[in-house]
Amino acid sequence: MSQALTATGSSQSNVNLRAMVVGAVGVVFGDIGTSPLYALKECFSPEHGIPFSTAAVLGIISMLFWAMVIVVSLKYVLFVMRADNNGEGGILALMALSLRTANKQSKRMALLTMLGVFGACMFYGDAVITPAISVLSAMEGLEIAAPSLSPFVLPITVVILAALFLIQRGGTSVVGKLFGPVMLVWFAALAALGLVNLMKAPQILVAVNPVYAIAFLHEHALQAFVVLGSVFLVLTGAEALYADMGHFGARPIRWGWFFIVAPSLLLNYFGQGAMLLTDPSTVENPFYRAVPEALQLPMVVLAAAATVIASQAVISGAFSLTSQAIQLGFVPRMRIRYTSEAEIGQIYVPVVNWMLLILVISVVLAFKKSDNLAAAYGIAVTTTMVITTVLAAVVMRSVWRWNPVLVTLVSLGFLVVDMAFFSANLLKIRDGGWFPLMLGGAVFFLLMTWYKGRQLVRARSLEDGIPLEPFLAGLLAHPPHRVEGTAVFLTANIDFVPVSLLHNLKHNRVLHERVIFISFVTRDIPYVDDRCRVTVREFGSGIYLVKAEYGFKETPDVYRVLELGQPQIGSRCELMDTSFFIARESVVPSKLPGMSMWRERLFAWMHQNGAKPSDFFHIPANRVVELGTKVEI
């Protein structure tokens, strides 16, 4: 009997693992999985000045192979994915993990925070380039499959991208179920095409020997260094393996990489290389030239589907990253909509969606060809990869307590490779690499302005703050008129009197029969268990102090907090008998120490245009009382 139960449990576990692997293949590997469309073609770009030869083909294929082995398989899949923050991955999760042992006021804390935020900002540059280059390179297959449609490549690309962003509002949970199967077909097609071409010139397999990569670098020196920036295109999307770890877990992602994705990609790259050895004229577009003529149009359709899926993963990542940044205090509150009742991670951020739409379409129209976009691609990703290595080194030493010598050896080994790719990509700045850097830098500046501005607002508020408990004691000694119902005061600091309470007492001169103060605290972990979320302290006379803790991947829910606190608070808070009091701060730039005047004005503008607290906390407008207050910074 027990053996039967064990067998059943094992079988169910295997089924779940397979389902998770398929799901991961559909979401995690979209970006890196569509790189064969343009990576090898860009490596042989005439602008690099590398004369076509058998040695060049073997050298470049060897570099592609070892780049994937070292950066993706060793660094990300086997090493970085160990640095999970309660199961969550991504650069902000890694930053939060690295800060656990840092002094809150130390320079180390500030430096690690800035590094993590800057790395996250670079993702926004990637989020603009990825959809543009992926869909455009897929549609360029029409130039080979149906030359008469060549003039329509750009318009079709724009239409596909516009449609992709327009459907975000309704959510993608329904079509999302097709992502895994479609990407499985895509990787199967990559593997099959690669295998067919590989059999025509199996001698390409000698490129697994790193001697060919070293010889290529030695022979061509500076030109080979330039090519290294194009070789990096096979690695774009590697960061997603770590970033999406919280959705699928490390094991399904590792299985998906080693047993499906990596073999398919390597077969395709080696197949493209074999085809170049047999027919050098195919260098203009090795991917589509490797496809039999009768299958070229179906392959364009499949490639379009795969690139849309890759783009969707990046767009969803931008929504998720924005939500995390809001919780960590780096971004003003924005309206966030949940597009699925089953999946809490499926969210829609309107402001981010429309900004990405405008930028992506603008990039496609400005660069026009995937070759031109390839020059802009990579530098943002390499920046994030370098920062990931640095933060991982901090985690190794301060959290895992590894031996300093081992930390140095491991981190330096990865850092040498990262810096080689980063340096090679710096050469692309003039040809378009400036765009993602400029975009990421602008986002970083805005985020740091908001973060610094919020610190100043908190500091000014604390200067004039009144300790809550002595104030309540004095208030209850000479109580104002008590009225029926419940008043909920949202406050940033549970130890001080909310400005909204002071204004309510000043103007209305009443106190509700039940008063609840709620303060939200964001922890350095992604999720907080409901059992540990709410702490309630009864002050007496119907007054309660509630502290609600949330992870940086969660969005505060006032109603849920009231439900969790009900056993201590008493009777249920009925919506129609509850008023929510919120202080609406009006920021006034001044000559007080803090930021320069123009940055203070920028912060004031961001503050004014952020989502109202009632919208962010999803409180019905007719139950909210907003009381204004001015804060000089």
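Using the three backbone atoms N, Cα and C, a Cβ is placed for every residue, glycine included.
Annotation comment: Swiss-Prot describes 20-40 (among others) as transmembrane segment, evidence class sequence analysis.
Annotation source Swiss-Prot lists transmembrane segment at 52-72 (among others), citing sequence analysis.
Outside the transmembrane segment (109-129) by six or more residues, the chain places 91-92, 94-96, 98-99, 102-103, 236, 239, 314-315, 317-318, 321, 325, 330, 356, 359-360, 363, 373, 376-377, 380-381, 383-384, 387-388, 390-391, 394, 435-437, 439-441, 443-444, 447-448, 451 with a CB less than 8 A from a CB of the stretch. According to Swiss-Prot, the transmembrane segment annotation covers 109-129 (among others).
Per Swiss-Prot, the feature transmembrane segment maps to 147-167 (among others).
According to Swiss-Prot, the transmembrane segment annotation covers 178-198 (among others), on the basis of sequence analysis.
Residues of the same chain lying 6 or more positions beyond the ends of the transmembrane segment (221-241) and with a Cβ under 8 Å from any Cβ of it are 28-33, 35, 38-39, 42-43, 45, 48-50, 59-60, 63-64, 67-68, 71-72, 76-77, 81, 91, 123, 126, 130, 253, 257, 265, 269, 310, 313, 317, 374, 377-378, 381-382, 384-385, 388, 420-421, 423-425, 427-428. The feature transmembrane segment is assigned by Swiss-Prot to 221-241 (among others), with sequence analysis given as support.
Residues 21, 25, 29, 32-33, 35-36, 39-40, 44, 54, 57-58, 60-61, 64-65, 68, 72-73, 77, 184, 187-188, 190-191, 193-205, 207, 234, 241, 283, 286-287, 289-290 of the same chain lie 6+ residues outside the transmembrane segment (257-277) yet bring a C-beta within less than 8 angstroms of a C-beta in it. Taken from Swiss-Prot, the feature transmembrane segment applies to 257-277 (among others), supported by sequence analysis.
Taken from Swiss-Prot, the feature transmembrane segment applies to 299-319 (among others), supported by sequence analysis.
According to Swiss-Prot, the transmembrane segment annotation covers 347-367 (among others).
Residues or ranges marked as transmembrane segment by Swiss-Prot: 376-396 (among others). Away from its own ends, the transmembrane segment (376-396) comes close to residues 71, 75, 79-80, 83, 91, 94-95, 97-98, 112, 115-116, 118-120, 122-123, 125-126, 129-130, 133, 229, 232-233, 235-236, 238-239, 242, 363, 367, 402, 406-407, 410-411, 414-415, 418-419, 421-422, 425-426, 428-429, 431-437, 440 of its chain (Cβ-Cβ under 8 Å, at least six residues beyond either end).
With a threshold of 8 Å between CB atoms, the same-chain residues lying at least 6 positions outside the transmembrane segment (404-424) that come near it are 67, 70-71, 75, 79, 225-226, 228-229, 231-232, 235, 378-379, 382-383, 385-386, 389-390, 392-393, 396-397. Under the heading transmembrane segment, Swiss-Prot lists 404-424 (among others).
Residues annotated as transmembrane segment in Swiss-Prot: 431-451 (among others). Same-chain residues lying 6+ beyond the ends of the transmembrane segment (431-451) with a Cβ under 8 Å from its Cβ atoms: 114, 117-118, 121-126, 128-129, 325, 329-332, 359, 363, 367, 372-373, 375-380, 383, 425, 595, 599, 602-603, 606.
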Per Cβ pairs under 8 Å, the stretch of 20-40, 52-72, 147-167, 178-198, 299-319 packing most closely against the transmembrane segment (347-367): 147-167
